[in-house]
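See structure below.
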Protein chains: 2
Amino acid sequence: MTAVAEPDGVARSIDPGVVAGMLDEVYAVCRDDTSGSPADYIPELAAVAPDSFGLCLATADGLVYAVGDTGIEFTIQSISKPFTYALALVDRGLAGVAEHIDVEPSGEPFNEISLEPDTQRPSNPMINSGAITAASLIHGRDAADKFERVRRCYSRFAGRELQMNQAVYESEARTGYRNRAIGYMLRSVGIIDVDPDDAVDRYFRQCSIEITCADLAVMAATLADNGVNPRTGERALSTALTERVLSVMTTCGMYNAAGDWVTTVGLPAKSGVGGGIIAVLPGQIGISVYSPRLDGQGNSVRGVAACRELSRRLELHFCHVTRSARTAIRADYSVAQVPSRSRRSPEDAEVLAAHGDRARVYELHGDLLFAGAERAVRAIESKVGALDALVIDLRRVGEVSAVARGMLDALQTELVRGGSRVALVDPDAKLGHEASSLDPGDPRGRVFIDRDTAAEWCEDIILDLHRPPGQRAQTSIGLDEHPLLAGLDAGYRTRLAADFEPRTFARGELIADRGDPRSGLYLILDGRVRATFSGTDGRVHRLLTLSAGMSFGEIPMLIGEPFMYEISAETTVRVAVMPPDVFDQLTEGHPRLKLALLQRLAAGAYEQMAATVRTLSGNAGNY
Amino acid sequence: MTAVAEPDGVARSIDPGVVAGMLDEVYAVCRDDTSGSPADYIPELAAVAPDSFGLCLATADGLVYAVGDTGIEFTIQSISKPFTYALALVDRGLAGVAEHIDVEPSGEPFNEISLEPDTQRPSNPMINSGAITAASLIHGRDAADKFERVRRCYSRFAGRELQMNQAVYESEARTGYRNRAIGYMLRSVGIIDVDPDDAVDRYFRQCSIEITCADLAVMAATLADNGVNPRTGERALSTALTERVLSVMTTCGMYNAAGDWVTTVGLPAKSGVGGGIIAVLPGQIGISVYSPRLDGQGNSVRGVAACRELSRRLELHFCHVTRSARTAIRADYSVAQVPSRSRRSPEDAEVLAAHGDRARVYELHGDLLFAGAERAVRAIESKVGALDALVIDLRRVGEVSAVARGMLDALQTELVRGGSRVALVDPDAKLGHEASSLDPGDPRGRVFIDRDTAAEWCEDIILDLHRPPGQRAQTSIGLDEHPLLAGLDAGYRTRLAADFEPRTFARGELIADRGDPRSGLYLILDGRVRATFSGTDGRVHRLLTLSAGMSFGEIPMLIGEPFMYEISAETTVRVAVMPPDVFDQLTEGHPRLKLALLQRLAAGAYEQMAATVRTLSGNAGNY
């Protein structure tokens with residue numbers, strides 16, 4: 001049984017579940033090893049229950065899986081080092097800290113003084129000399145204020161107010177001769193430029209801060225989460241400094257077992273003589289273990305074993321590759337292969353069939369890091385010169401790294417220089433193009449919120465460039481020319497034409513709302529009309545755009561059902577409408593005329609179905 | 001201008017392009033630094049053109065971007081160390097090699113002997129003592145065979161036959177007193193258990209193998225690509241051993257600058273005194289630089305600078321997180337929200353509307369690693385007990401790690417135990433379930449190749465469980481009961497019924513192919529009929545399933561167009577067909593009867609449109 005602490009902070013017991021069950025197994029595998037002994041250089045550390053064992057895994061959304069003794073408080077000891085180093089970096093900057101502490105693994109035990117021969121700097125902030133130096137660099141009005149800033153820093157990582165254990169502190173302070181020696185040595189070579197007793201005292205205090213195994217998991221998850229505490233949402237450290245702290249933990253976190261740790265666990269980590277270990281998979285999870293029995297290098301025996309098991313079973317090693325980088329292109333096709341939902345006249349459809357391969361849509365997906373973006377950019381730039389227009393659809397993309405954003409900007413410039421018009425489908429402005437640019441020479445180009453409209457924009461470019469001389473877009477027709485009447489014999493046509501009423505709608509006007517009762521048979525004479533529906537994603541999607549020579553409203557008319565979707569005017573629209581009562585009377589008065597009308601309406605329905613099937617085929621992978 | 005070597009091996013000059021332009025910039029930024037000097041301990045190394053500078057980046061699919069002097073041959077020197085270590089691991093296994101060489105960073109210069117005080121092992125295989133030991137562990141009939149195996153190993157990484165530079169080898173062999181001393185020291189403590197001269201000689205030979213900067217990039221990309229050479233497709237090293245080699249390069253690859261390298265570059269790497277450096281981003285890219293001027297630690301000055309710039313600009317640091325792990329669930333919905341394309345009787349549709357929330361579809365996406373799978377498993381297992389059936393759709397998933405596969409197996413077991421039936425949509429058997437299991441208690445469950453069929457299976461379970469007692473699935477009706485005729489007055493009905501011919505189709509039989517001319521108006525009396533189309537993905541997709549009480553063929557009939565999609569019998573099917581000539585004659589003989597028929601057909605078309613709109617709405621994010 002595993003207690004899972006929910007993000008609301010309430011811990012409760014539940015049935016194991018899959019992940020909790022996996023942790024239970026790791027716990028069981030490691031529990032039997034009772035070798036090693038707790039630290040005993042001060043009585044308080046020797047007094048712990050030596051066989052306590054807790055194991056936690058915290059996720060990037062702040063859930064903590066916990067097995068065993070995860071609520072016992074113990075002192076953080078050396079696991080404090082990366083956090084004080086972090087605060088020193090905040091206070092002094094990377095360069096300011098680097099003047100005092102290097103970042104090289106020392107290959108020596110934690111309590112070696114290990115100063116570099118030339119600069120006298122401690123090798124790294126994870127050995128005592130480096131940690132005491134880091135403590136000396138903390139800003140504050142006075143000693144009390146400086147330590148309070150350290151305590152608050154740790155508390156932000158843990159997501160609760162941590163406190164110092166006074167007895168442990170006093171014991172450390174009473175017996176810490178070696179650390180005092182280190183402090184004075186550092187002062188003598190000028191690496192510490194304040195009172196060394198003050199720095200060493202702060203170091204004793206920070207080591208005496210009490211945490212639980214569950215606290216450590218959240219602290220580790222905060223490092224995993226770019227410095228943001230996933231439970232409180234509070235930023236404990238900047239992204240850049242978090243990266244630095246994790247780097248140093250990678251090479252220097254596990255004392256002189258760093259190499260073995262990197263090969264068998266492969267996670268930035270830090271251990272403490274209190275029996276704790278934290279390990280971090282950047283971006284993913286934080287792990288903590290508590291078990292006081294230590295090995296010869298001062299690392300928790302069961303802690304090391306549990307981290308190895310977790311890394312192996314959960315495949316967490318940072319050199320472990322599940323698969324190689326792949327292109328960020330999910331699909332690509334020309335507008336000849338997957339047309340927009342704008343219904344075109346037969347002449348225009350012919351132009352698009354012949355030249356539509358000169359306009360392509362590229363759908364990207366996944367998080368855009370360098371390698372995936374490189375493959376995508378390479379594929380797209382191979383088409384420079386061969387395309388009149390192209391659409392880069394970013395709706396399925398997750399995060400866009402700064403390098404990928406720069407690459408896509410450069411790609412747009414290159415494409416525009418090569419003579420292509422470029423549009424983005426980027427409703428969330430992932431590339432930072434907050435507004436569409438209407439200037440065709442502007443590489444930042446057009447920005448659409450849906451792919452279909454972008455594809456239509458491409459089609460319009462193709463039509464403008466490739467329509468035969470003299471052939472114009474048919475935007476306006478007379479009622480006699482409307483295909484629904486044009487094929488009828490003259491007598492029928494005249495009789496019917498009299499039954500239609502002219503109407504005009506302004507751009508954007510709603511012609512029929514979803515659920516409206518039938519209101520007539522509409523023939524479009526001028527302008528464009530759009531049928532839309534609201535998707536489960538809360539956005540309005542276009543189903544079809546209809547233009548002069550097309551019709552709508554027929555199905556509600558025929559069967560008396562309400563409109564299935566919204567119909568609105570995309571431009572100023574002129575229509576001819578046959579009112580419902582006139583339509584109904586036709587059955588009695590002129591059944592053959594009505595049959596001819598229905599047959600033509602069915603032809604329109606067929607065309608509409610065919611367009612739907614084309615759309616479905618183009619998106620077949622989605623079904 | 002950058003030469004790009006295509007995977008076909010032909011190098012050619014092209015316009016820079018986006019990525020090549022970025023490399024050009026890095027190259028220009030680093031070129032001005034002419035500090036440092038080439039190695040001069042043998043005349044052959046001192047004789048190089050000191051200001052040569054080449055930079056390559058190889059992708060996981062084997063493209064090599066190259067700037068500058070990337071075709072100049074030089075000796076591999078210490079960059080040989082990880083590759084001989086790799087071959088030693090192949091020959092002796094992890095444990096066999098670990099008896100002779102540790103994996104700890106030494107914190108000392110490369111030519112220190114650095115033996116561990118207790119075991120006498122060299123600290124790691126990247127210092128000379130460890131590299132000579134690795135050379136001693138290579139299998140082979142004799143010295144010539146052993147070196148030939150080394151040369152072939154390197155050649156597999158490079159993707160071409162590499163050769164040794166005889167003059168450099170002879171010079172190294174003549175002057176390498178210190179390395180000979182190391183060899184004898186290692187022999188004296190028993191770490192080398194063969195002739196030390198033989199091991200040292202092999203080490204001199206391996207260091208004298210000639211490579212170009214472009215070769216090194218491919219070697220690095222092979223390490224990035226889990227040990228598979230991305231240009232030849234040949235496996236040079238197993239995945240597990242590649243992980244080990246990269247781990248050791250992380251902590252020990254850059255001599256005593258390892259810590260600085262990890263913090264500022266953050267990539268496993270190796271440098272050589274010949275002026276080369278390789279760096280690897282696991283799973284993504286390989287980088288190589290050649291510039292012979294070295295810094296005080298023996299690393300190429302411009303090489304280090306270029307790697308820093310690339311890491312910073314391309315965001316390659318292994319602790320750099322673009323964003324935290326997110327759930328692998330892309331979408332989830334009940335079958336009440338997004339029904340299958342199986343058309344249901346009104347009674348069944350009512351049951352599905354009321355109880356369809358007890359069956360859910362979970363669409364997963366992305367590569368399934370631990371953290372993403374954890375979030376998905378957690379979300380799904382929160383529904384244990386609340387679902388009668390569920391579908392896990394894996395079609396958008398990339399790679400599935402072993403841990404994720406285990407987690408999904410465990411989840412299925414848990415769900416089945418909780419009373420849910422589970423189906424996978426997994427046409428590529430990503431979870432390894434090669435066949436569908438019809439046993440409802442088998443957690444491996446049903447496997448479908450498309451989501452729609454799986455959703456229908458869920459609906460059938462809901463209908464079985466929640467249909468009111470007494471209400472049966474309507475699978476068979478008489479012609480009189482068919483809704484197309486049922487509403488007509490008795491006279492019309494009788495007259496029409498006589499015009500229909502009975503026909504039966506066997507399960508799987510094609511009733512109408514795409515493009516077939518109209519063949520009649522079909523009323524389904526018994527069984528199920530399926531309309532399908534072939535998607536751009538090459539798979540056959542279901543458009544609709546129709547059952548007793550429904551009809552098809554009406555649109556081709558009405559307007560004389562061919563069938564738009566294939567119609568086939570999903571079960572044994574009994575239909576009543578009105579032949580085309582009979583249908584046409586109705587217009588003349590009984591126009592009002594035909595109008596009534598058309599009106600009912602239009603109602604069917606409406607229903608079909610409504611189903612399409614529902615499907616589109618449910619997939620709105622796709623458009």
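Glycine too: its Cβ is placed from the backbone N, Cα and C atoms.
Per TrEMBL, substrate binding site is recorded for B:S78, B:N128, B:E172, B:N179, B:Y203, B:Y255, B:V273. Residues or ranges marked as domain 'STAS' in TrEMBL: B:361-431. What TrEMBL records for B:484-586 is domain 'Cyclic nucleotide-binding'.
Structure coloured by features recorded in TrEMBL.
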| residue | record | contacts (Cβ under 8 Å, 6+ apart) |
| --- | --- | --- |
| B:E172 | substrate binding site | B:I42, B:F204, B:C207, B:S208 |
| B:Y203 | substrate binding site | B:T84, B:N128, B:A131, B:I132, B:A135, B:N179 |
| B:V273 | substrate binding site | B:A39, B:L45, B:Q77, B:S78, B:L294, B:G298 |
Mapped DSSP class for B:V273 (substrate binding site), helix or strand or coil: coil
Residues in the domain 'STAS' (B:361-431) grouped by DSSP into helix, strand and remaining coil: 28 helix, 25 strand, 18 coil
Three-state secondary structure, which DSSP defines for B:E172 (substrate binding site): helix
Number of other Cβ atoms within 10 Å of the Cβ of B:N179 (substrate binding site) across all protein chains: 23
Averaged pLDDT score, the domain 'STAS' (B:361-431): 89
Coarse DSSP state, helix versus strand versus coil, of B:N128 (substrate binding site): helix
Three-state composition of the domain 'Cyclic nucleotide-binding' (B:484-586), taking helix and strand from DSSP: 24 helix, 41 strand, 38 coil
B:S78 (substrate binding site), number of other Cβ atoms within 10 Å: 23
